[in-house]
Amino acid sequence: MFALVATGSPGGATTLATASGARFGYGRSVPLFLGMALALAGLVGVSGAGLAKTLQTAPVLEMSVKAVGSMYLIWLAARIGLAGPPLPMQSDEETPISLVGGVMLLMINPKAWAMALGVASSFSKLASGPLLLGGLLALVFALSAYLSLTLWALAGGLAARALSADWHWHLFNGTMAVLLTASILQLWV
C-alpha cells in the first residue's frame with residue numbers, strides 16, 4: 001500500500017508523466033515512465049541492499065544529489081512551462097523523452113532518492129537479509145511506479161482532449177511547470 005501511495009502522489013515523475021501523456025499520448029509516453037519505473041526499482045533495490053546506510057554516513061553526498069537533481073528539474077520545469085501547443089499531427093520534430101531519459105530523470109529526482117532511502121530503513125524488517133529486502137522492494141516499487149505513472153499519463157491524455165486552444169496549452173504547461181517546481185521545493189523546507 002505504501003508503494004502505491006508513494007509512487008502515485010504528485011511529484012516530479014508524476015508531473016512529467018502527465019505532461020508527456022498530454023503532449024504525446026499514452027503509447028509514445030511508455031518509454032519515459034517505463035524508464036522511471038525501472039530506475040526507481042533499481043534505486044529502491046540498492047537502497048534496501050545497503051546504500052541507505054552508506055549515504056546516511058555521508059550527508060555531503062546526499063546533499064549533492066539533492067542539489068544537482070533539483071537544479072536539473074527546475075530547468076526541465078522551465079522548458080515545460082515555456083512550451084507551446086504540440087505541433088500539428090505530432091511531427092517527428094517533436095520527440096518524447098526516451099527510456100534512457102526516464103532512467104536519468106528518475107536518478108536525479110531528489111524525491112525519489114528521499115523515498116528510496118526512507119523506505120529502505122522503514123521496511124528493513126520485511127526480509128531476512130539486505131539482498132532479499134532489496135529485491136522485494138525493487139519488485140514492489142517497479143510495479144507500483146509503472147501503474148501509477150500509467151494512470152498519470154492517461155490522465156494527461158484525457159486532459160489534452162480539453163486543450164483546444166493555444167492558450168489552453170500554455171495554461172496547462174505552466175501549471176505542470178509550477179507543480180514540478182513545487183514538488184522540488186517541498187524537499188528543501
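Numbers here mean position along the shown chain, with the first residue as 1.
Each Cβ is built from the backbone N, Cα and C atoms, and glycine gets one as well.
TrEMBL annotations: computationally assigned, not manually curated.
According to TrEMBL, the features are:
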type     : residues : note
TRANSMEM : 31-52    : transmembrane segment
TRANSMEM : 64-84    : transmembrane segment
TRANSMEM : 96-119   : transmembrane segment
TRANSMEM : 131-155  : transmembrane segment
TRANSMEM : 167-188  : transmembrane segment
Highest Cβ pair tally under 8 Å against the transmembrane segment (64-84), stretches 31-52, 96-119, 167-188, lands on 167-188
Other same-chain positions with a Cβ less than 8 Å from the transmembrane segment (31-52) and lying at least 6 residues past its termini are 7, 13, 16-17, 20, 96-107, 112-113, 115-117, 119-121, 123-124, 127, 130-131, 133-139, 141-143, 145-146, 149-150, 152-153
